[in-house]
Amino acid sequence: MLYPQEFDVIVVGGGHAGTEAALAAARMGCATLLLTHNIETLGQMSCNPSIGGIGKGHLVKEIDALGGAMALATDEAGIQFRILNGSKGPAVRATRAQADRVLYKAAIRRRLENQPRLWLFQQAVDDLIVEGDRVIGAVTQVGVRFRSKAVVLTAGTFLDGRIHVGLQNYAAGRAGDPPAQSLSARLKELQLPQGRLKTGTPPRIDGRTIDFERLLEQPGDADPVPVFSYMGDAAMHPRQLPCWITHTSERTHEIIRSGFDRSPMFTGVIEGVGPRYCPSIEDKVNRFADKTSHQIFLEPEGLSTHEFYPNGISTSLPFDIQLAALRSMSGLEQAHILRPGYAIEYDYFDPRGLKSSFETKAIGGLFFAGQINGTTGYEEAAAQGLFAGVNAARQVQELDAWLPRRDQAYLGVLVDDLITKGVTEPYRMFTSRAEFRLQLREDNADLRLTDAGREMGLVDDERWAAFNRKRDAVSRETERLKSTWVNAALLPAADAERLVGKALEHEYALVDLLRRPGVDFDAVAEVAQIAHARRSEGRQADDPAAAAWSRAALRNEWGPALADAVIQQLETATKYAGYIDKQNEQVERAAQYEDLKLPESLDYRQVAALSHEVRQKLQALRPETLGQAARVSGVTPAAISLLLIHLKKGRHRGFGADAAEPGSAAA
C-alpha cells in the first residue's frame, strides 16, 4: 500500500548515522520519517561501550556544536570520562567516555520521540522507489510504500551482512539481527560501485567471573570531571566506574596461533578488508610476532549489568580458542563468556561515487552516510549522518548544500577524504588526517560551527544563548588581558619569579605574560591582583573587579563549566597565537584556488600534457572543485597547474579566463 502522507526526508536505519540524520532534518523543519527494523535498537552501541578518543572526540564536539545528540546522550549515560593526551598540545587532546549501553540508547530514543516533525516506523526496507534517475521513496518488507523528496541511507553493517565465528558463518546484520539482503541487491542493480569490508567485536565477559584483585585499576579523571557537550555538566553523569587492565601472554599467543587453521581471516573465508587501526587479536599476534604481550582493557558495559567488554581482543576465531585465550590472561582464569566474539562482512559503496553533499552521483535525492561509505566508528557515522541529513533537508528546501572546509571542521576533513580518496579499508578519524588541526580543537568546535548551525536551523534558542554567553565572555576576557598592564615596580621580584618565571624588566600587558612557557591564566590573574593591591595601597580601590579577577571569581559569575571553558580558550588562543596565525596564512594560500568550481562538462582528455593516469582518474571521479582534484590519489601539483592553465586560457567551452580567478567561485 501507499502510505497517505508524503515526507520531505526518509532516513533508513536507526544507528548512530541514522538517528543524527533524522534529528537534523527534523530540526531544520522537514517532515522526516525514520525507518528502522527495530525501534528497540535505536541508537544501539553495537560494539564497544565508549564514545570519543583521538580525532573521534573532536567529531563528537562538532556534532554537538551543530545541535546533535551524541554528546549530550554521552553525558547522560557516561560512566567514566577521561581526557586523552592531556599532557600534549591542545590540538590533540581528546575526550573519551565509557557509556552505559542502556542509558545511552534511552537518551537517544527520548530525543527521537520528542523531536517535532519526526516520525518513527518499524519495518526493514527492502527497496527504493526510483523514477528515472531520482529516488522518490522507500518500500518496506511488508510492501508499505513511503514517498519522499529525499532518502538518506544509513544501513551500517546490515547490507548483505555475514557473521563469522571460526569456520561457521551465517547471514546477519549484527548478532541477533537479520541482514538487509533485498536492499543490498537493489542497490547493486542501480550500478552503484560497491565492495566488501569487515569489522569485528570481542567476546563479552561476565564480571562476576573476573578476579579484579589481579588487575590494574584505571579510574576516570576526577578533577575536573570532563563533559562532552557544550550544554553538558558533570552533574548529569550517572555513577562512575573504573576500567581494568590485563595483558595477553606468550601462552595466549600460542593458543591464538593454534587456531589460525580455523580462522576465517587466514583461511580466505573472509574476503573483506578489516580496519587497520582496530585489528583483531589474531591479526595483532600474526603481524607483531616479536611482541610477547598486548594490553587489554576491561570496560564495564553499564550500571545494571555484570557484562564487560575486553577492548583489544576483537576476534573471529573459533569459540574454543576464544575461551582458552581469555582464560590464559591474568585475572580471567575463570572467565565465563556471555557472548562470543565475531567478525562481520558487509557491503559498502565507494564514497567517490558521492557528490560533496553525500548525494549519490547516480541517483538524485539519495544520500549515503555511515559504514555504507566505508568508515568505521560510532563518531564517524554520527558525523556523516548529521551532514547527510542537513544536505538532504537543504535540497528539499531548494538551498545550496552545506560543505564545511578542511580548515573549518574535522567533518570537512572526513567528507573530503572520502569523496576524493575513497577507501581501501574501513576509514577512521585521526587528528593526523587534518593539516590544520591546531585550529580544529575540541575546545573551539562551537566557535567554528555553531553560527552555521544556527543559520541552518540546527541550533535551538537555549544552545544559541549559551553559545553567545561563551563567545561574549571570551571576547571580554581577551580584551581584559590585552588592556591590563602591570608595571614592574608593582610586582615584587619574588612574586614575579614564582608566577611568571623571572622579574619584570618593564611594563607588560597580561597577554604577553600569558604567552610565556609554563605561565597559565591563574598565574597572570594573581599578578594582576598583586599589582592592583599595591597600586591601591593607601587609597580606595580604583577597580574592585580587577581586585577580584580570578578563576574563582569567574566561576562564581558564570558557573564552573563556562568559566573553565573560557579560560581554556584564552590560554590556547594566546599561547598558540603565532602558530595559529601561520596556519591561517596557509589556509588563505590554499584557499586561493581551493573552491574554484570545475565545469561539469569539462573533458580532462583535452587538458594538454596531463598524464594518462591523471586523465583517467579525473575523468572517472569528476571532482567538483580544484581543491578536490588536488587531493585525488596520484594527481600531482604539476597536474593541477596544467589544469589551472587550461581553465585560465578558456579552453573549456563556456569557461572564460575570468572564471578561473581566485574567489570567483564558492563551494
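Residue numbers in this text run from 1 along the chain shown.
Each residue, glycine too, has its Cβ placed from N, Cα and C.
A quick note: this is a predicted structure, and the numbers were derived from the prediction, not measured.
Feature annotations, reproduced from Swiss-Prot:
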BINDING   Gly13, Gly14, Gly15, His16, Ala17, Gly18  FAD binding site
BINDING   274-288  NAD(+) binding site
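Cβ-based neighbour count (10 Å, all protein chains) for Gly14 (FAD binding site) stands at 27. Annotation for Gly274 (NAD(+) binding site): spatial neighbours Leu197, Lys198, Thr199, Gly200, Met265, Ser280, Asp283, Ala343, Glu425, Pro426, criterion Cβ-Cβ under 8 Å with sequence separation of six or more.
Of Gly13, Gly14, His16, all annotated as binding-site residues, the residue with the shortest Cα distance to Glu282 (NAD(+) binding site) is His16. In the three-state DSSP classification, Arg276 (NAD(+) binding site) falls within coil.
In this structure, Glu282 (NAD(+) binding site) is part of a helix by DSSP.
Around Lys284 (NAD(+) binding site), the same-chain residues six or more apart in sequence whose CB sits under 8 Å from its CB are Lys291, His294, listed in sequence order.
According to its DSSP assignment, Phe288 (NAD(+) binding site) is coil. Put plainly, the binding-site residues Ser280, Asn286 were compared by Cβ crowding within 10 Å, and the winner is Ser280. The shortest Cα-Cα distance between Gly14 (FAD binding site) and any of the binding-site residues Arg276, Cys278, Asn286, Phe288 is the one to Cys278. For Ala17 (FAD binding site), the count of additional Cβ atoms within 10 Å of its Cβ stands at 33 [all protein chains shown]. It is Arg276, among the binding-site residues His16, Arg276, whose Cβ has the fewest other Cβ atoms within 10 Å in the structure shown. Of the candidate binding-site residues, Arg276, Cys278, Asn286, the one lying closest to His16 (FAD binding site) when CA atoms are compared is Cys278.
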